[in-house]
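Q: Okay, handing you the structure first.
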Amino acid sequence: MSIRSIGRTRIEQGGKKLKETKCDDFDDILEIIGSQGKFQKILLYGVLAPLTAAEPLFILNIIFMLFEPDHWCHVPGRDNLTDVETWKNLTIPMEVGPDGNSRYSQCLMYNSSGSSMQCQHGWEYDRTDYLETLPSFYNWVCDKSNFATDALTLAAAGNAIGCLFFGHAADKMGRRYVFFITLILNVIVRIISLFVAQSFNTFLALQFVIGTAFPVMYIAPCMIGAEISDKEYRAWIYSCTWMTWVFGMASLPLLAWLTRTWFFMGLVTSVPGILIFLYWFWVPESPRWLISRGRIQEAAVVIRRIAKVNGTSDKLSDQKLDSMLKTLVIQQDQCDRNVGVWTLFSSWRLAKNTILVTIAWAMNNLIYYGITLNATNLSGNQFVNFFILAIIEVPSGYFGGVLADKMGRRWTQVVFFMLCLVTCILAAIGSVHSHLHMLVIISIVIAKFAVTLTFLVVYMQAAEIFPTQLRTTGSGFASTVACATSIVAPYMIYLGKLNVSLPYMFLAVMSLAGMISSAFLPETLDQNLPETIEEAVKFGEGEKFWSFCPHSHKKENKEAKFTP
């Protein structure tokens, strides 16, 4: 597959190489050593792709482990000749479910006088799909039905804190170190949590710790790949890693169906993650980040390593590389080193872009997370539903990269947020009419396609709008706010127990907010990554609202290709 996009300015004029050592930005160095070479391909296909395929296994497994199966009061006295349905009809009262239809009560039973009362002898569970889940094993139902929601909420709260802390740490300590720290928190602590679930408070605390690792664990290595590649290859990196994430997520329902118990599933999906630590010996630190911190000797080592693998070492002498790196360091404004979240609001334009990216990211996150959490509540086979909602992200990831390079990041966001809005409204209408259950499933599948596409694009925008020194801080801030808003997602889905249409109405409102915020973001299609805060302050200056790509693009260059 090839994605064409507008080319960049070359450092060769009239077919003649520049004789003087000149370096306007890091992309000039990449053009010499190779920005789509063997090193980038090994990093993408040998490291990032397997990594992102494994991550959903030990991040999203909790959704299946916390599934609450249908249940009813256990009433002693049923003999072997009485089938379950007959016994339920004799001992369990009927009630109106959240979809408006009648069902057996999940928390009430008849007493000896025929009046309803709370369950007195525990519960029985529908074991069609699972032998055991956490709620069925520890009876987290009825007056404890909020336990599963609380666990998901604490994990989301951990996301919010972790995004802010580790996002900033990635700009201070480096992308590589932070990635492996978050990997320890997610994989190792997840395994520990399986053995302490009987203590709910301890289990909750560990869910919070686990939550701090994501999404920085996903963002940091992808950021390294993006920062050593050119503009044309970045879109493919994000598309490819998203698609491999999808394949990992699509395997989850199969593993849940095969294991059928929460504990075994937790082990099967978490323990293999330990092997990822072997990547310590290959994953480099981002040379862009090293340069932004003034660590030019370490940056030179990484650059020479890339050049060696790409077979371009002869094109860049040590003297020329040293001169180019020193030029870049001089261009870095020394005051830029004292930066943090506050710097994102140091000017009107940077603050506006930060706020708009944050809103778009938050709405993407809330919709995506809400649809994913609700997958097991849709009518029909929950494993098939989850698989379909996962696999639909494959074409979404592909078209996300293509359309982002054709239509631009901004209009791709707007159009597909609008599609998500329409389909969520249709799902809300269909959910209260049982004969329209297929409309609900089809609408939600389309909504998942749309929000996955916009989610991919907002990752691109965040990586391309913020300057190098603030790239993970900016992404971390936006992701922190997004994670903070997603804390309400489990409770939003929990409202479906009262009325099945409420979650979809909330998702529709979020889609509208995302569409509006995306419309006012600057276009980042094929732009040079801003290296300094000064460049970020000017980013998007003079761009017209109805333009499909910045005016400067139309003046420039030839068409370039990338090859996967």
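The chain as shown is numbered from 1 upward.
Glycine residues also receive a Cβ, built from the backbone N, Cα and C atoms like all the rest.
The feature domain 'Major facilitator superfamily (MFS) profile' is assigned by TrEMBL to 42-526. Residues or ranges marked as transmembrane segment by TrEMBL: 42-67, 151-170, 177-197, 203-224, 236-256, 262-283, 354-371, 383-404, 411-432, 438-460, 472-494, 500-521.
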Q: The transmembrane segment (500-521): which same-chain residues, six or more beyond its ends, come within Cβ distance under 8 Å?
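A: Contacts of the transmembrane segment (500-521) (Cβ under 8 Å, skipping residues fewer than 6 from its ends): 98-99, 352-353, 356-357, 359-360, 363-364, 366-367, 370-371, 374, 409-410, 413-414, 417-418, 420-421, 424-425, 427-429, 431-432, 444, 447, 451, 454, 458, 461, 465, 492-493, 540, 545.
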Q: With a Cβ cut-off under 8 Å, give me the same-chain residues at least six positions beyond the ends of the transmembrane segment (472-494) that come close to it.
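A: Beyond its ends, the transmembrane segment (472-494) has Cβ neighbours at 146, 149, 152-153, 156-157, 159-164, 166-168, 170-171, 175, 215-216, 219-220, 223, 339-341, 343-344, 354, 357-358, 361-362, 364-366, 369-370, 373-374, 377, 459, 462-463, 465-466, 502-503, 506.
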Q: For the transmembrane segment (354-371), what are the same-chain contacts with Cβ under 8 Å, counting residues 6+ beyond its ends?
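A: Hits for the transmembrane segment (354-371): 156, 344-345, 389, 413, 417, 420, 424, 444, 447-448, 451-452, 454-455, 458, 461-462, 465-466, 474, 477-479, 481-486, 488-489, 492-493, 503, 506-507, 510-511, 513-514, 517-518, 520-521.
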Q: Is it the case that the transmembrane segment (203-224) and the transmembrane segment (151-170) have 3 or more CB pairs under 8 Å, with pairs at least 6 apart in sequence?
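A: Contact confirmed: at least 3 Cβ pairs fall under 8 Å.
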Q: Please determine whether the transmembrane segment (383-404) and the transmembrane segment (236-256) are in contact (criterion: at least three Cβ-Cβ distances under 8 Å, sequence separation 6 or more).
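A: As far as Cβ distances go (cut-off 8 Å, pairs 6 or more apart), the transmembrane segment (383-404) and the transmembrane segment (236-256) touch.
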Q: Sort out the residues at least 6 away from either end of the transmembrane segment (236-256), same chain, that have Cβ-Cβ distances under 8 Å to it, and list them.
A: 3, 44-45, 48-50, 52-57, 60-61, 63-64, 130, 218, 222, 225-226, 229, 265, 268-269, 382-384, 386-387, 390-391, 393-394, 397-398, 400-401, 452, 456, 459-460, 463, 562, 564
Q: Sequence-remote contacts (6 or more beyond its ends) of the transmembrane segment (438-460), Cβ cut-off under 8 Å?
A: 219, 222, 234-235, 238-239, 242, 246, 357, 360-361, 364-365, 367-368, 371, 374, 378-380, 385, 388-389, 392-393, 395-397, 399-401, 403-404, 409, 412-413, 416-417, 419-420, 423-424, 426-427, 429-431, 475, 504, 507, 511, 514, 518, 524
Q: Kindly say whether the transmembrane segment (177-197) and the transmembrane segment (42-67) touch, using the definition of 3 or more Cβ pairs under 8 Å where each pair is 6 or more positions apart.
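A: Stretch pair touches.
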